[in-house]
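Asker: Sharing a structure below in structure tokens format, with a few things to ask.
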Amino acid sequence: MEAGEGKERVPKQRQVLIFFVLLGIAQASCQPRHYSVAEETESGSFVANLLKDLGLEIGELAVRGARVVSKGKKMHLQFDRQTGDLLLNEKLDREELCGPTEPCVLPFQVLLENPLQFFQAELRIRDVNDHSPVFLDKEILLKIPESITPGTTFLIERAQDLDVGTNSLQNYTISPNFHFHLNLQDSLDGIILPQLVLNRALDREEQPEIRLTLTALDGGSPPRSGTALVRIEVVDINDNVPEFAKLLYEVQIPEDSPVGSQVAIVSARDLDIGTNGEISYAFSQASEDIRKTFRLSAKSGELLLRQKLDFESIQTYTVNIQATDGGGLSGTCVVFVQVMDLNDNPPELTMSTLINQIPENLQDTLIAVFSVSDPDSGDNGRMVCSIQDDLPFFLKPSVENFYTLVISTALDRETRSEYNITITVTDFGTPRLKTEHNITVLVSDVNDNAPAFTQTSYTLFVRENNSPALHIGSVSATDRDSGTNAQVTYSLLPPQDPHLPLASLVSINADNGHLFALQSLDYEALQAFEFRVGAADRGSPALSSEALVRVLVLDANDNSPFVLYPLQNGSAPCTELVPRAAEPGYLVTKVVAVDGDSGQNAWLSYQLLKATEPGLFGVWAHNGEVRTARLLRERDAAKQRLVVLVKDNGEPPRSATATLHVLLVDGFSQPYLLLPEAAPAQAQADLLTVYLVVALASVSSLFLFSVLLFVAVRLCRRSRAASVGRCSVPEGPFPGQMVDVSGTGTLSQSYQYEVCLTGGSGTNEFKFLKPIIPNFVAQGAERVSEANPSFRKSFEFT
């Protein structure tokens, strides 16, 4: 148990030891450091080295922003931060600075700003013997009755010496004579008062006047001296000395009393009569300050104010007044004047450190260091400091009337960029006086705001076939910061789609956000694309944001209709067969066309442009179906050529033509063959034979037709494609998107016709297929062909 307690005592003892060490350090920093210098020392003279006294390293004073702060507006000292030397800024006159006060001490502070630390110091000004004793009156007149008995003392005017200490007035001597010797007496104030002592009786008839030289000596090395003539007039006997009613008068007078105010009235009486009883009043042992401040009436003894009083300069006056009768006898009294302090001085504020510009987002940062003072006393000299309540700053009291102005909360330049702070110092006097000091603190910008786009996304419309470098739109971002922190630079961000060639499509002006199309856009190749743009400021570090830009390409009518069927590529044309017995409205074929554009630019209309037999055929305007318009006649030519115009609804409209060949046949017994010109006669002769063969073939083929129909349906369902024989079919490539046509007349599914003609010796074969509809899936399909996709007929002729 004891061992454990011993172990616990050791940390406690250490804690107590550390506490006392820290307490000693704190007291050491508060105790002033003392320095001294002789008065009248030349400016720039060395006083002390603060670097050594404060225990700091070389260069630390400059880094910590050391400075010397003293009361008042006059700087008596200069300080070298680099060397730490404290030098005199000017010659110092101790008498001017301190007057009779001894010791003469000038307090000052050594202020270290970073971190904040104060050191108290005092500069004592040592007196030098630079003033000689001076008598205010070069001639001192004494009227002494001849009846005065030996041993009587006479107080004479003392000399003034502005020096203090050993350099002040120390001794008086009188010239050798038979009647008087000199006696020195110390007053309560420590002043040496010279007195003449009568050695033997005077005889006016023997010597009516005595002249003596009074010499005042100071204690300097070498000593200085001053002389005055003491002239003694021996008068007739006057055996009564004037007596004052009181030996001590105590009065109080406010410091704001006007000039001419009555301070006091002294009164003395003399029992003698005649001239020996006539009393006159005069100052005795009065200093120059008393003579300047007060005026004494020689007849009435009224003490009046000659000039304004100032409590802050002198608080009390001791006035010696002498009453002298006509016979030369005199008595003295003392008037003790106490100046009453009034609150006539407003507080004073001295700014030591001020930082006018501070970055935002800082907290607990020092803005200013200042001191306050009030020359008044008591409550008149007590002060309180304050600033406005609605500011993010607070005042922190320091040592000996020093205050620091500190940031309480982080500043935001975007909310407020400038603060006008009024520091108010008020005393507790009546009435209360105050001093206001205004400072302006500018908040410098920190890059704490990223650029913000005016929109999170932008939609731009560009018509296709635009010219390269076309301005297609703009993006805009703003930054709440200022200066370079608010300068925004725009850029294109890498696209999310790796296959999008963004760098070749658009560019952006880095300064103003203008977007340009780098190439001519094609709606049919690219209808829309999107990308991201970034906006970055030029702060450090730079902040950025991004926005989405969507570009929609508007279609232009730059594609003509494309005819899918019948194919117009120069190959052998397909020939449509129409029986002569066809009724009006018989579907001959259908012109199928598409348009690569969109919208109304892809709305197609059809019209019959040319025909071998006008009025025989008609074309439906919206779906391109070619139908018979009337019954066929015998005189109608067997070969019909139709030109169908396909036109879109664009502005201006574009068009294409399709050429159809129609063969009019009497039933399907004999196809029309391109034979030599000599064949028509023979064909007419064999017309009956053809009809018979057709009838026989029809009957014979009924069975085969059923079988073929079943097989065709099976094959179509499996392969989803039409069986193609030796015939003229649409050839050549066409884009898949051309099949995708809305309900504007262009089919959503393809028609395919087969016409096969085979010529040979004695055998002719004709095959007619109804439209075969492949399994194409297209957008916007309007309808499906009315014909059965699996329907097939086959006719054979021999």
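Glycine is treated like the rest: Cβ placed from N, Cα and C.
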Asker: Looking at Swiss-Prot, which of N438, N465 is flagged as N-linked glycosylation site?
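Answerer: According to Swiss-Prot, the N-linked glycosylation site annotation belongs to N438.
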Asker: Using C-alpha atoms only, work out the spacing between N171 (N-linked glycosylation site) and N420 (N-linked glycosylation site) and round it to an integer in Å.
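Answerer: Each residue's Cα considered, N171 (N-linked glycosylation site) and N420 (N-linked glycosylation site) end up 63 Å apart.
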Asker: Please state whether DSSP places N438 (N-linked glycosylation site) in a helix, a strand or coil.
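Answerer: Going by the DSSP assignment, N438 (N-linked glycosylation site) falls within a strand, counted as strand.
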Asker: Based on Cα distances to N438 (N-linked glycosylation site), point out the closest of the recorded positions K299, N420, N569.
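Answerer: Its closest listed neighbour, by Cα, is N420.
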Asker: For the glycosylation sites N171, N420, work out the Cβ neighbour count at 10 Å and name the residue with the minimum.
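Answerer: Minimum Cβ neighbour count within 10 Å, taken over the glycosylation sites N171, N420, occurs at N420.
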Asker: Under DSSP, is N569 (N-linked glycosylation site) helix, strand or coil?
Answerer: coil
Asker: Suppose we draw a 10 Å sphere around the Cβ of N569 (N-linked glycosylation site). How many other Cβ atoms does it contain, all chains included?
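Answerer: The answer is 9.
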Asker: With every protein chain in view, how many other Cβ atoms are within 10 Å of the Cβ of K299 (N6-acetyllysine)?
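Answerer: So the number of other Cβ atoms within 10 Å of K299 (N6-acetyllysine) is 9.
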Asker: Can you tell me the CA-to-CA distance separating K299 (N6-acetyllysine) and N420 (N-linked glycosylation site), as a whole number of Å?
Answerer: 63
Asker: What is the number of other Cβ atoms found within 10 Å of the Cβ of N438 (N-linked glycosylation site)?
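Answerer: Result for N438 (N-linked glycosylation site): 8 other Cβ atoms within 10 Å.
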Asker: So how many of the residues in the domain 'Cadherin 4' (354-453) end up helix, strand or coil by DSSP?
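Answerer: Helix (H, G, I), strand (E, B), coil: 4 helix, 50 strand, 46 coil.
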